[in-house]
Amino acid sequence: MTPLLVVAGALVGAPLRLLVTRLAARGGRDPAGGTLTVNVAGSALLGLVLGAAATPPAVVALVGTGFCGTLTTFSTFGGDVVRMVEQRRLARGLAYVLATVVLGVGAAALGYVAAPG
Amino acid sequence: MRYAPGSSRPRPEARPELARGEGAGVLYLLAALGGALGALARWGVGTALPHSPGGWPWATLLVNLTGCLLFGVLIALLAARSPEPPWARPFLAVGVLGGYTTCSAFAVEAVGLAEAGHPVPAVGYVLVSVVGGVLAVAAGALAVRAVRSR
């Protein structure tokens with residue numbers, strides 16, 4: 001049952017991430033803004049899910065491992081940073097790394113603290 | 001965009017807009033299917049390598065570092081192909097590897113380590129994940145370029 005719930009969450013999370021990065025890339029802007037957005041939002045939601053005392057295991061599998069895990073990504077983040085370095089945009093790459101870490105971990109902590117119970 | 005006067009036609013755009021309308025639906029389907037496969041693999045690794053709350057999260061570190069390495073390999077392979085297969089990026093990069101790796105578990109685990117009274121491992125986990133992930137993408141891409149240039 002658990003793997004099916006993980007798959008169900010992932011079937012929503014991955015296309016939603018594609019949608020957000022495509023929207024962020026409109027007008028020739030950097031799609032990394034979209035990656036940052038989904039990573040921070042997914043980290044906040046997972047903090048809420050895991051911080052709540054009474055979250056059922058099925059919800060953790062569906063919303064946590066499946067949806068949040070797949071909405072967010074680390075490989076695209078790493079690829080974005082390498083691309084920025086190759087384009088000699090070092091300040092932008094460093095700002096992107098710091099934003100992902102500070103906002104991502106901060107959002108997870110906020111979700112964790114704000115969770116009921 | 002510059003092209004020599006008199007040449008037959010302008011070069012196609014370096015980054016064409018992704019397909020819109022009905023064609024875009026296929027992109028989302030490919031991303032969803034790939035994401036499901038990647039998430040299943042991530043769940044499998046997490047089940048095989050469980051960690052206690054506040055413990056060192058080996059499973060997430062493993063999927064993120066190996067996923068970044070494979071991402072570097074993939075983008076270097078695709079960069080060497082012109083035109084690249086249209087299914088490869090949405091299915092493999094956005095879907096499989098995007099779904100296999102995760103930022104949310106990484107962020108929550110860093111908070112968990114700190115909350116469990118392990119601030120030094122928490123900072124270490126963030127540094128190893130971020131620096132290791134970026135280096136893994138670069139290593140994967142450089143390895144492909146080195147093999148191809150022989």
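The backbone N, Cα and C atoms fix where each Cβ goes, glycine too.
Note that TrEMBL annotation is computational and uncurated.
The annotation Na(+) binding site is assigned in TrEMBL to A:GLY69, A:THR72. When other Cβ atoms within 10 Å of the Cβ of A:THR72 (Na(+) binding site) are tallied across all protein chains shown, the result is 31.
Annotation source TrEMBL lists transmembrane segment at A:6-24 (among others). Tertiary neighbourhood of the transmembrane segment (A:6-24): same-chain residues 30-35, 37-38, 42, 61-73, 76, selected by CB-CB distance under 8 Å and a gap of 6+ residues from either end.
What TrEMBL lists as transmembrane segment is A:36-54 (among others).
Packing against the transmembrane segment (A:60-82) from elsewhere in the chain are residues 2, 5-10, 12-14, 16-17, 21, 30-32, 35, 38-39, 41-43, 45-46, 49-50, 93, 96-97, 100: each is 6 or more residues past its ends and has a CB under 8 Å from a CB in it. Residues annotated as transmembrane segment in TrEMBL: A:60-82 (among others).
Residues or ranges marked as transmembrane segment in TrEMBL: A:94-115 (among others).
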(message) According to DSSP, does A:THR72 (Na(+) binding site) sit in a helix, a strand, or coil?
(response) coil
(request) Using all protein chains in view, find how many other C-beta atoms are within 10 Å of the C-beta of A:GLY69 (Na(+) binding site). (result) 32
(message) Counting only residues 6 or more past its boundaries, what in the same chain has a CB within less than 8 Å of a CB in the transmembrane segment (A:36-54)?
(response) 13, 16-17, 20-21, 24, 60, 63-64, 67-69, 71-73, 77, 96, 99-100, 103-105, 107-117
